[in-house]
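Peer 1: Below are the structure tokens for one structure; questions will follow.
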Amino acid sequence: MCGILGAISAKPEPLLPEWLFFNLSHLQHRGQESAGTAYSDGKQLWIEKGEGLVSHVLTEDKIRKIGNYNPKLIIGQIRYSTSKGTSSRNIQPQWLDTLQGRIALVHNGNIPNLEEKKIELRRESNWQVDIDDEANDSEFILKKIFFLMTLNGNNASKAIGEFMATTNGSYSAALLTKNSVHIFRDPWGNRPLFISSKNGLIFFASETCALEDCSDKIKEVPSGGIIKIEPLGDIVRPFVDIENYQTIKARPRLAHCVFEKIYFARPDSRTFGKEQEGNFRFRLGQKMAELFPVHGADFVSGIPESGRPAAVGFAFQSKLPVMDIFSRNPFILGRTFINPNPGKRSEYSKKKYHLMKWVLKYAKNKNLVIVDDSIVRGNTLKGKVAQLLKAGAKEVHLRISSPSMISQCFYGIDLPTKEELIAFNKSEEEVREWLGATSLKYLPIEALREVMKEGEEDLSNFCQGCFTGEYPIPLQ
């Protein structure tokens, strides 16, 4: 999972790097491995990128340096790896120097069956495209689009359209040339992407939380949409009804990622629907309380941070108090789930959350309800249940506000094998026993459908592959 954003101005705008820094930081929850930016003054294109958080890469000196170039166009990306690991080669933006000038790409998503697609590209280009076995999916996208540009008179819009028509996968992306930005989204709309405008500037981002300060009018880039944005004189063109720029027909059944809503997106963001995801998660918690109440419970607590909205919803519906049992150490960087190193992931899950000792007197001999948004590998929950029982809790009941995860993701979530998933080939009771909890209940998929319908969303337009093993975007 990654996050992208960018801004386009008709005139040189030295404040664009500062805008990029603050709003890319708003997307930091989507990846902590690396950050980077590409920017242009309309004549030349430069790159700055590196390993670490946005604040580590885009230092004050770097921001000042970028501002000195008086950029008109700027794009950025934060990353956590879903394939090809954490090598510096994989840090975005990816870029190429061409006869027409440098081009750069930022991308959120994943291209499945990448190795075969790279072989195909070599054959199609008569071995002219240099793409080796170590190339990641973003590098593949950039090089395929460039190859298609050479066949279409350097027309990037046509090249992107051909790429989208011939390449299955998940991508919300932006291609920067020295004088334009193309933003585009796969025909299934798997990853979120939004656009807005204010004071003659155009902005885009993976989540609405990075655009709230830019405009009240935030629009979703349509599935299959390609939007070319370029400064022309004193104006930036176009910011019109973006539906007019949808050049690749969206699929009849879309495949939005449901895990974006359940876990990944920031609670104050919208991703695919009308409501902020914090409210959606609150309603998931309410539904859990309706279906699986815990009679005799004393209070409810959520696993921070992503389990809290559902925990509040469960408590509200159950008329129970909410207490924070665990404190999260903000200086252990990143989200435990998206750390790419399995050893560190386990270590971080133990060190990141601390049981607050002052709460123990309220937990002793009490029946507790612990709510989390999902169980992936189970490392965090197993340790927390053991801690609570050791501290004197009488019962620990687990309520999970999503269905059990039984299959991997091919579209950008770090679930590479089924065997890593605690629920794979295990019954709910077997998972409960492994976790050591008094009871365990997952939200049934039909209940998830009901909650989404109440929010005017249709689950059939969402990818549920991690819950069902069925994948709507072809893997070939």
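Cβ from N, Cα, C; glycine included.
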Peer 1: Which of these, Ser306, Ser318, Ser427, Ser439, does TrEMBL list as part of the Mg(2+) site with Asp372, Asp373?
Peer 2: Ser306
Peer 1: Quick one: among the recorded positions Cys2, Cys257, Cys409, Cys463, Cys466, which has the most Cβ atoms sitting within 10 Å of its own Cβ?
Peer 2: Cys257
Peer 1: Using a 10 Å radius around its CB, how many other CB atoms surround Asp373 (Mg(2+) binding site)?
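Peer 2: Its Cβ shell of radius 10 Å holds 25 other Cβ atoms.
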Peer 1: Tell me whether Cys466 ([4Fe-4S] cluster binding site) sits in a helix, a strand or coil according to DSSP.
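Peer 2: Cys466 ([4Fe-4S] cluster binding site) sits in a helix per DSSP.
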Peer 1: Going by DSSP, give the three-state secondary structure for Cys257 ([4Fe-4S] cluster binding site).
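Peer 2: Reduced to three states, the DSSP call for Cys257 ([4Fe-4S] cluster binding site) is strand.
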Peer 1: Can you check what DSSP calls Cys409 ([4Fe-4S] cluster binding site), collapsed to helix, strand or coil?
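Peer 2: Its secondary structure by DSSP: coil.
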